[in-house]
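What TrEMBL says about this one:
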- 361-395: region 'Disordered' (REGION)
- GLY514, PRO515, PRO516, GLY517, VAL518, GLY519, LYS520, THR521: ATP binding site (BINDING)
- 770-982: domain 'Lon proteolytic' (DOMAIN)
- SER869: active site (ACT_SITE)
- LYS912: active site (ACT_SITE)
Amino acid sequence: MMFNKSTGTPKFTDFPCLTPHETPSVVPLPGLIYKIALERGVADRILSYYKSSDRYGTHFLLTETTVYDKESGNISPDSIKSLEKFGQRFSQGDATNALYLCLIPENEDISVGCVSKIVGVLTEERTVTVSFKALARSAIKTPLLNSGNSIWTSDISVCDDTAAIASMRDEQKQRAVTEFFGLFQQLDDAIVSFKRKYKKSCRRGSSQHLLLLSPLSNTLFFQLDKSQFTKAWATISALIDELKSHSNEQPPSSTVTQISNLMDLTVAVLPTTSKQKIEFLKNLLMPDRIQLFRRVVEQFQQIFETLYSSTEYVQRYFSEASNLEKSRLIANQLKSLRFFIEDVKAQSRLLPVSDQFKKHKTNRSAVRASSRGDEEDNENDNSEDAGDDDEDDEDEIEKLRNFIRNMSKYGVHEDGIRMLKKDFKRFKRTNPQSAEYQVLRSYFDVICDIPFGSYSDRQALDLEKARRKLDEDHYGLQVVKKRLMEYLCVRELNTKFDGDRKIQGKAPILLLVGPPGVGKTSIAKSIAEMLKLKFQRVSLGGVHNEAEIRGHRRTYVGAMCGLIINALRKSGSMNPLILLDEIDKVLSTTGSGSGYGNKINGDPGAALLEVLDPEQNCTFMDHYIGFPVDLSQVLFFCTANDIEGISKPLLDRMEVIEIPGYTPEEKFHIGTKFLLPKQIRLNGLSTQNKTLSLTRQAWDSLIQEYTRESGVRNLERRLASIVRGKIVEYIEEGRNEPTHETVSRRDLFKYLGFPLHPIATELLSDIRMANKEGVVNGLSYNSDGTGSVLVFEAIRTGTVEDSKGPIIKATGNLGSVLQESINIARSLVKSILQRRLIIDPTSDTVKNFLTSEYHLHVPMGAVSKDGPSAGTAITLALISLALGKPVDPLLCMTGEITLRGKILPVGGIKEKLLGAQTYGMKRVLIPIANRSDVVQTVTNDISAFIEDDGLHLELQMVKTKLGISITYINDIFDVIQYVWPDLLLNTRFTTAGNGNACISKM
């Protein structure tokens, strides 16, 4: 060691020293930043040494050092004085509070090191990356062997390059500068020439292919062509070029100081051995360092010359050899390579798994070229450098070992603990080159991704604030909000049992059923945000394989876990909100999507039975995972458009909440409060201080004429078209001033074109030369969740003999249930006329009806129609045809008919009422048993309707909101009396109980 030759070697007592055993290949050289990844415990032990002092306890780099390790010792007052003294001498500016220590490379001779400054600390789950900026060489007076990654103290002597360079003569300085520039140029030329030759040998038709067969050339190219080396070498070259251009403008001492820094950078970046770097670290005097740098350059050049000469010899022999000799040479090369590979495999089998990982582990120390005198590398910049995660790979085997060790703390099922321990033992004994090793590695990667024991905090909620949040995000949906508030109140009541999650109760499993575009998916997102739960959406549309839910068994190639476990992995929590979207679209053998292919692949609908059963999902079994996983704390939301496609057992496991379509009034409020402001914001109109609104007439036209849906998706698209049209006008006219414009009903044609085809108006309009009798309006519930008016047209087409009629021919793509309703209506009307229940002035009415042939048609034949709710309308159409009396075209009705004339309740009342309003109906006949549906259509507070005393207050509300008069009906005779009040019924057959049916007319 050459420190004894120096005159500028200040001494410091009790200076902190560290030998990082985690990175034995790192040799710190002044002027560079080293990032060293340490285990959490090792890093805490090192940093706690400083945190124990009041002087450094509040240092910003030590804020995340949470563990205080007493074994690390307390920093002494002498050490604090030495750190302050070093900072005052070797660091410019206010550096008295900086964290310094002497980094000593792991070597047989640990009497030399480099004083470094801690400039960054990046804390992760199991590792801590500490960034050190090397400042000055130092000699250790009392080295300590086997320090065990702990800080120890020693008296040190620090090399002051500034004083040493100042003592050099001017001719020595000039000679050092000239010699360094020449040596670096030789080194750069040799590297560039080698890389050019190597790349040229890779081309087809090249005569230098033999260069690729040399292990030396491949090793050199691998080291010199790395992106890290290329960037660092380009940085050094740029610094040298800049120094050359300004060397005459600055003092020689400053130039030599920068030369010293550049030599350290060059030696650190070059792929030299640790021994060469340590020798370079020991050299203090500038002339000696130049000589050693010359030897490094000469050794590199010698390596290239040896490589070229050996390749030239082989090339000369190869060109003169016969084809047989060439073949033998190549075969021998392949044989040697095969032997080498097999030997490496054999050695890897003998090593423990942990040693194999250490050998293949990427070096976690990153070196950054930086000038020692560059004062821009302050604490904040270096902290950002420490955040770079290049080559910062975690030790996966150690992470897995810690997980296996702490499985019981994470709440893993006891079956899983037993199975994982067994698999881990097999994993440790498996050769990394085997296929089974990769299968086990992938399996353990999935297991470690499952957030066992990780739960989102269940904080106390302000229920009123939560209610307000739901109302702000979604208009209407009161049934969903009411059920959710019940869940929140129950959860709030059980917060005192916060320590035991099982006592808190299982999360509800809700199924939201409704037409598209009513907000089923978006309200689930709002609920997750309000509850501060992680949100994951799982789309079930088109899922046809059970393995997509439960996962594949590990015996298959490419096996993976199911959608549910994947959702847990992505959320990072065991109690997220998982939305199972479009659950009615699952191709299930027990639902509507049965088929032979589904039976082969299993039943995904049946696989959901365990997931959505609160009593079973605490032990959900994924085929890939292989042991039970607790899903009881997951809040499941499901959405569907139609429950007909869901199997009965699956439907029984969920709490069904039906979300009806929006009324035009609700759509108006949603459009004004949510959709229009959203489109103004998304299209950038708000950034120009421009606002837009629609008149009420424009809203009504947009809702009823341009869109026909239960939801608001098409309405939002139409609003977006209007906003974009306005933006085009602003751009073309060049108007930049803040404006507010109103879109009228007449303006809609300019932005949206023609409205939808007015088929409703055409169906209900009068037709020339057509009989008015036999035409009755019914109501239907469509598959898209909307309601509409269904027109039934009946005409007399001929006669039959012997009173065997009437014969009714039905068209219009009618289903079997609707055909049965036609037969029931025919029999009922035939019975009414034969029994003379209607007093008709014409005596031939019965005979004409029984001897006639009729044709019943339902328009829009391309649309399939089925269901029993049209029975009342069909019966009235036949009576109208038999009596020759027309029915009011603004009247519509719904209800299932029986052979006795009883009218039974039907579904979809709200949608049908909305459809009646859309089609311009004024009066609607509803079965008396559907009164509760009418009440729920107009209000969510049903307390005022429990004891109504026959007032039927809901009828006035429907009249006000929808503009429709509703009349309750109990049987077909109530319908006849309402439609034709002047028609007399035979009072002999009037039954008790019909008097309270047709009593409410608005």
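Every residue, even glycine, has its Cβ placed from backbone N, Cα and C.
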_Nearest of the recorded positions (PRO515, GLY519, LYS520, LYS912) to SER869 (active site) - Cα to Cα_ = LYS912
*pLDDT averaged over the residues of the domain 'Lon proteolytic' (770-982)*: 86
*Least buried of the binding-site residues PRO515, GLY517, going by other Cβ atoms within 10 Å?*
GLY517
*asked:* For a quick check of understanding: among the recorded positions THR521, SER869, which residue's Cβ has the most other Cβ atoms within 10 Å?
replied: SER869
*List nothing but the one residue from LYS520, LYS912 whose Cβ has the fewest other Cβ atoms within 10 Å; the candidates are the recorded positions.*
LYS520
*Would you mind ranking the binding-site residues GLY514, PRO516, GLY519 by how many other Cβ atoms sit within 10 Å of each Cβ and giving me the lowest?*
PRO516
*Which number gives the other C-beta atoms within 10 angstroms of the C-beta of VAL518 (ATP binding site), all protein chains shown included?*
28
*If you run the three-state DSSP split on LYS520 (ATP binding site), which class comes out?*
helix
*Please state whether DSSP places LYS912 (active site) in a helix, a strand or coil.*
helix
*Could you round the CA separation between THR521 (ATP binding site) and LYS912 (active site) to a whole angstrom and send it over?*
24
*For PRO515 (ATP binding site) and LYS912 (active site), what Cα-Cα distance in Å is obtained after rounding to a whole number?*
13
